[in-house]
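To start, the structure under review is shown below, and the notes come after it.
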Amino acid sequence: MVNEGAGAPRSRRGSHKVVPSSDQDGTGEVPCPSNGTVEVKHIISAKLQLKKKAEHLKADLMRQFDTQVNEFMDSLIEESASLGSSHVSTVFPLSDKEKSKLRHTRPSQGQSKQFVIRRSLLDELFEVNHIRTIYHMFIALLILFIFSTLVVDFIDEGRLVLEFDLLVYAFGQFPLVVVTWMCMFLSTLVVPYVLLSVWAGVYPTSNHRALWTVLAGSLLLLYQGLCLGFLPTYVVLKNGLPPASCFILILEQVRLIMKAHSFIRENVPRVLSLEPNKANSLAVPQFTQYIYFLFCIKIKSKSFSSVLGCLFYAYYIFVRLCIPQFRSISMQLFDLRAMVLCVFNSILPGVLVLFLAFFAFLHCWLNAFAEMLRFGDRMFYKDWWNSTSFANYYRTWNVVVHDWLYYYVYRDFLWMTQKRFRAAAMLVVFTVSAVVHEYVLAICFGFFYPVMFCLFMCFGMVFNFVLNDRRKGPIWNVIMWTLLFLGQGVLICLYSQEWYAQRFCPIQEPSFLDLLKPRSWTCTPQTNTAVDAH
């Protein structure tokens, strides 16, 4: 039957549209609402609910996937570690009696650090376009620094200035640095290995083991104190090396001391575990293995070029953000207002220097040498930027140094005290780290101003216990970053002020108290001298 209104236009609001439905009530048809606005709202609401359910489902799936991947990787690492342990036991076979004696001689070998083949975290993250864009943003910022410096120099000088005088000054007397480093490295290559080999060859069959042990240990300490301790420090202070050259020698001094100690510490228990009157050549690694442990000559151009780029980046940061500010501050009286402004103005260059130091050394430099040595475990750092506690930040910022402090300071202290003073062991770790950091800065800058030591021992210890691993959530990550930024501002501000005060207010014959007292506290414009300081 034909509808009577078929030939006339139909009203949208008054029409009834019949749609099929799977849920029929005997009629086979369900009329939709006549109000189109209500229908649209109902559809939008249904879509929003469906989208919300999909997002919840996606989050649940991602959490489950992440958990399963972590469990799989943990099991894979454990299996690889067990394979590595079995491989070591076949290369260095020990009897049950030797293993028992070895367990009583040093902490449990089952808890030793295990190495697996893995890439550095940034290498994996840079494969993601979004993360690589952040890297491109830093490159763009470097281009702007270069361009702004050229423009300012052209306006002030009327010509393009490309002298890089700050870099030339910072790396001054570089041939002396190379000669001193060669002496340090060659001595480290020979002395510890020879002492260990001679002692290991005599100890198992000797009737005077204690005497040989004391003699070898005394010679090793004498070598460490003179060749690795006194020599580079004397060269730096005697010749007045500039900061970058100082950092090269002093950081290499610390690295070689850590290397020599860890080499001796790992191999002495193996010799002690040998049965009496029975020598074993496998107790001491081969000399080629020791060379591999210390150094390998080859060039990894990409990583080293990135380090060079970071040096130029740091140059422009100091030229554009630091030197103009601190040259003017050094001509002012020391007061609270100037200090507060200095700290907050130093946060930006401090954070940029922090990022550059991390990327240049912990990523590029260490990966370059790992590539040269064909060393598979590239976990020199973890995702420290996601830390919600300073305890986790200390563990993940520099894994190499953290592991050395953990195995050779923290664990050895607990082993010597039979695990009775864990808090004291942690205090010893913080003290060693703080002293070494302050020693490096004091020698390289040429003055004693224990800002780094106070930050480590005071604020570092407090934050380690207050902002501990129980702190979770984004707010704690924000707090961690805020305090980290503020700490970088304090370091840049105070050390830069003291640097310029030492040059604008020199003391001809300083007393011991003058060497300990910060010069920036008493340096005033009336006593300033016209000294051109970098």
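Cβ atoms here come from the backbone N, Cα and C positions, even for glycine.
Just so you know, TrEMBL annotations are computer predictions that nobody has curated.
What you see is a predicted model, and the numbers here were worked out from it, not measured in a lab.
Sequence-distant contacts of His437 (active site), defined as residues of its own chain at least six apart whose C-beta falls under 8 angstroms from its C-beta, comprise Met452, Phe453, Phe456. The active site annotation in TrEMBL covers His437.
Among the features that TrEMBL reports, region 'Disordered' is placed at 1-34.
Residues annotated as transmembrane segment in TrEMBL: 134-155 (among others).
Residues annotated as transmembrane segment in TrEMBL: 175-199 (among others).
Summarising the annotation, TrEMBL assigns transmembrane segment to 211-235 (among others). Here the transmembrane segment (211-235) has long-range neighbours at 176, 180, 183-184, 187-188, 191-192, 195-196, 198-199, 202-203, 241, 249-250, 252-253, 256-257, 260, 264, 443, meaning same-chain residues at least 6 beyond its ends whose C-beta is under 8 angstroms from one of its own.
Marked as transmembrane segment by TrEMBL: 307-326 (among others).
TrEMBL lists 346-370 (among others) with the feature transmembrane segment.
Residues or ranges marked as transmembrane segment in TrEMBL: 421-441 (among others). Long-range contacts of the transmembrane segment (421-441) within the same chain: residues 247, 250-251, 254, 401, 405-406, 409-410, 413-414, 449-450, 452-453, 456-457, 460-461, 464, 495, each at least 6 residues beyond the stretch ends and with a Cβ under 8 Å from a Cβ of the stretch.
The transmembrane segment annotation in TrEMBL covers 447-466 (among others).
For 478-497 (among others), the entry in TrEMBL reads transmembrane segment.
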Among 175-199, 307-326, 346-370, 478-497, the stretch with the most Cβ pairs under 8 Å to the transmembrane segment (134-155) is 307-326
